[in-house]
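S.K.: Shown below is the structure under consideration.
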Amino acid sequence: MACVWRLSALCGARGGRALFLRTPVVRPAQLSAFLQDQPAPGWCGIQHIHLSPSHHSGSKAASLHWTGERVVSVLLLGLLPAAYLNPSSAVDYSLAAVLSLHSHWGLGQVVTDYVHNDTMQKTAKAGLLALSALTFAGLCYFNYHDVGICKAVAMLWKL
Amino acid sequence: MAALLWRPAGRYGLRGRLGPQLCIRHAVPLGTSAKEDKERCRNKNAGLNRPISPYITIHSWSLPMAMSISHRATGIALSAGVSLFGLSALLLPGTFESYLEPVKALCLGPVLIHSAKFALAFPLMFHTWNGIQHLMWDLGRGLTTQQVTRSAVAVLVLSVLSSAGLAAL
């Protein structure tokens with residue numbers, strides 16, 4: 001993931017004594033930074049710094065997670081008309097899986113956003129995992145022992 | 001992360017008396033990761049017991065802001081509904097039909113049933129259409145302010161229409 005940061009260069013009081021911040025390469029193991037526009041001495045303006053992570057496994061996992069979230073969302077989007085037009089056992093189980101995963105990841109983002117304490121976040125995530133697992137189990141149980149998701153919605157709607 | 005670039009500027013740069021050498025030396029540790037920076041900031045502030053500036057209540061509402069929080073709210077509500085359904089399937093006795101029977105026996109008026117169906121369908125439709133808007137943004141399309149406003153209105157209109165359509169089924 002690439003981020004662009006803006007730095008304001010500061011000008012001296014008089015005589016063009018300019019103060020500006022230069023960023024040499026920092027932390028090569030994690031981030032590499034390079035200046036895009038080398039400023040001239042006494043130059044006052046905006047500097048752009050480009051930071052891109054390299055060899056950082058954490059960001060690769062995060063990037064894959066992001067892509068996975070979008071893929072699951074698109075899958076779920078496709079399953080909705082499929083459930084209406086072609087209800088079947090396969091659609092039932094796919095819905096159970098995709099619905100549970102989508103809501104698990106979605107609620108995971110909510111937890112990440114609002115729970116800041118490290119231990120609290122771990123507990124919340126663990127609780128969420130338990131909830132999602134139980135939900136998935138419950139939906140599969142419903143699909144197997146009862147009428148199944150598609151049929152259930154149809155029955156509910158015929159009320 | 002911009003804060004860690006600004007901090008040395010604030011402390012040393014603005015005074016304008018120190019030479020560039022000192023600035024550069026103090027500006028060097030810029031490579032901390034965002035996570036470390038956040039942790040450091042939070043730990044520092046946790047001990048200081050500073051009052052939190054009002055930020056939720058005083059912001060003037062905008063359409064994108066309302067859409068975003070509604071997307072989150074409908075998502076949470078829908079997840080809660082699905083989880084409730086799944087857990088009830090595991091914990092409650094009897095079949096799904098046996099729970100529908102007493103509701104059918106209530107012989108509720110068509111208007112009430114219609115409204116209930118609309119109330120059930122609307123969060124799902126809003127979340128779906130808004131989700132499509134999000135996916136479009138993820139593709140990099142429709143990001144200008146005008147496009148965002150237009151697509152937000154489209155999402156709202158489509159949500160109402162599709163919910164009404166579903167309720168009529």
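Placed from the backbone N, Cα and C atoms, the Cβ positions cover glycine too.
Heads up, TrEMBL stuff is auto-annotated, nobody curated it.
So TrEMBL says this about it:
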- A:His102: heme b binding site (BINDING)
- A:Tyr114: ubiquinone binding site (BINDING)
- A:1-18: signal peptide (SIGNAL)
S.K.: Roughly how many Å lie between the Cα atoms of the residue listed as 'heme b binding site' and A:Tyr114 (ubiquinone binding site), rounded to a whole value?
M.R.: 19
S.K.: Long-range same-chain neighbours of A:Tyr114 (ubiquinone binding site), Cβ under 8 Å, sequence gap at least 6?
M.R.: none
